[in-house]
Amino acid sequence: MMKFLFMMMFMMFLIFKKKMFWMVQMMLFFMMMLFMNLSVMISNFSNLSYMFGCDMISFGLILLSIWICSLMIMASENLYKSNMYINFFLLNILLLLMMLYLTFSVMNLFMFYLFFEGSLIPTLMLIIGWGYQPERIQAGMYLLFYTLFMSLPMLLGIFYIFNKTDCLMMYLLKFYNFNNMLLYISMIMAFLVKMPMYFIHLWLPKAHVEAPISGSMILAGVMLKLGGYGLLRVMIFMQEVNFKLNYIWIIISLVGGSFISLKCLCQIDIKSLIAYSSVAHMGLVIGGIFTMNYWGFLGAYIMMIGHGLCSSGMFCLSNINYERLNSRSLYLNKGMMNFMPSMSMWWFLLLSSNMAAPPSLNLMGEISLIISLVSWSKISMIMLMLISFFSAAYSLYLYSFSQHGKYSLNIYSFYMGVSREYLMLILHWLPLNMLVLKIDYSMIWF
């Protein structure tokens, strides 16, 4: 595991040379291929070094991080053309990737906390440095304060655990069972904000709308998954309290998911619609993790990977429109099928994956999550039906509004899609729909 960390560190020297923008991206793809060759134990931690280890959950999420980071560089060609501090931009992306890699691979709970919070700083830099509107400062502050306010109790919780057990290794903590309500709440709130759960989700649409395309991709693709990953790790040693309190979080996330799906139908900004749909999907993931059964954990994991690829691809599409029309309003982004019929196909493919149509990973994840939630309580079926119905509704709403209709006359200064954009979209869509063929790797852990 250490070798990939060194590889990222030495890649940072590349950015001081001129014309290394695409070289960094090629190196990231190369690193991705190397990482895929790791032999990972299905049930235990493998590839252990002093503080790093990798099991199935870490493996999938690290792969996702490297993949999304290399696609972020591909999506940001406009920065390269306008030469907008691209060396600093690359440094930022490499730092962010390093933080994410460390978050997903460290075995020590305190180290995990450190990198979990550290990944916030490069994201903040991306939003404030390369965002579009002056409101990006406010969005950055929202992101910072929401996350930091909830994460201090978690730090105290980690100190408490160390005080009680003299051990912070995640693998060994599974032999403990803490029956302490304060500890439970302090440990999970930081993750619920990061997910984000309904009621504490307000930073997400703000951050997405103000972020540049690379910021949106990493936020939707990987940053929201940090919360799910943390919950999967922490739930193991707090099962007793969880069985007393889990109904609160499940009810909030299911009811919130259906409310947010309705809210999606009111949006006129494409980016904010996609951001709200992320909140609805993550609501299901929270529900699955808190049911504390095998199907829920698996469904949450698969949904996190699937949603990361799908949501990131949809932000790419909205950015492709934005680069041409300089607007994200659904009232102006109309009739795109007349101009870019091939791009229309990609809108259709990614939106169909977003509403969990086969053969996407989202479908597999949603089936597992629905099984887990219905086995927990049959009443949850009502909310699950609403969420499934409305997710199809807002996906169709976005597609029909942006692709059909009479186009406005301000699109006449238009240029067609370039091969880089189509490559970027196919690299989102292929893993999302091809990984289903080897679903046994992510479904058979124990």
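Any Cβ shown, glycine's included, is placed from N, Cα and C.
TrEMBL lists 1-103 with the feature domain 'NADH:ubiquinone oxidoreductase chain 4 N-terminal'.
Annotation source TrEMBL lists domain 'NADH:quinone oxidoreductase/Mrp antiporter transmembrane' at 107-389.
Sequence annotations record features per position, and here TrEMBL assigns transmembrane segment to 57-75 (among others). For the transmembrane segment (57-75), same-chain residues at least 6 beyond its ends with a Cβ under 8 Å from one of its own Cβ atoms are 21-22, 24-25, 28-29, 31-32, 35-36, 38, 40, 90, 93, 96-97, 100-101, 104-105, 213-214, 217-218, 221-222, 225, 229, 232-233, 301, 304-305, 308-309, 312, 316, 319, 420, 423-424, 427-428, 431, 442.
The annotation transmembrane segment is assigned in TrEMBL to 84-104 (among others).
Among the features that TrEMBL reports, transmembrane segment is placed at 110-131 (among others). Beyond the transmembrane segment (110-131), the same-chain residues lying 6 or more positions past its ends with a Cβ under 8 Å from any Cβ of the stretch are 51, 79, 84-85, 88-89, 92-93, 95-96, 99-100, 102-103, 137, 139-140, 143-144, 147-148, 151, 154-155, 158, 162, 168, 170, 190, 194, 207, 210-212, 214-215, 218-219, 223, 226, 230, 233.
If you look up TrEMBL, you'll see 143-162 (among others) marked as transmembrane segment.
Same-chain residues lying 6 or more positions outside the transmembrane segment (182-204) and placing a CB less than 8 Å from one of its CB atoms are 116, 139, 142-143, 146-147, 150-151, 153-154, 156-158, 160-161, 219, 223-224, 226-228, 230-231, 234, 238, 241-242, 245, 249, 252-253, 255-257, 259-260, 275, 278-279, 282-283, 285-286. Sequence annotations record features per position, and here TrEMBL assigns transmembrane segment to 182-204 (among others).
Per TrEMBL, transmembrane segment is recorded for 216-235 (among others). Sequence-distant contacts of the transmembrane segment (216-235) (same chain, six or more residues past either end, CB-CB distance under 8 Å): 57-58, 61, 64-65, 68-69, 71-72, 75, 96, 100, 103-104, 112, 116, 119, 123, 126, 170, 187-188, 190-196, 204, 207-208, 242, 271, 274-275, 278, 282, 285-286, 289-290, 292, 297, 300-301, 304, 307-309, 311-312, 315-316, 319.
Annotated transmembrane segment per TrEMBL: 247-266 (among others), in sequence order.
Among the features that TrEMBL reports, transmembrane segment is placed at 273-295 (among others).
If you look at the transmembrane segment (301-322), the same-chain residues 6 or more away from its ends with a CB under 8 A from one of its CBs are 56-57, 60-61, 64, 67-68, 71, 75, 208, 213, 216-217, 220-222, 224-225, 228-229, 232, 270-271, 274, 277-278, 281-282, 284-285, 288, 328, 333, 336, 343, 346-347, 350-351, 353-354, 360-362, 364-366, 368-369, 402, 417, 421, 424-425, 428-429, 431-432, 435, 439, 442-443. Positions annotated as transmembrane segment by TrEMBL: 301-322 (among others).
Look at TrEMBL and you will find 381-401 (among others) tagged as transmembrane segment.
According to TrEMBL, the feature transmembrane segment maps to 422-444 (among others). Residues 42, 56, 60, 67, 71, 74-75, 298, 301-302, 305-306, 309-310, 312-313, 316-317, 342, 346, 349-350, 353, 358-364 of the same chain sit 6 or more residues outside the transmembrane segment (422-444) yet have a Cβ under 8 Å from a Cβ within it.
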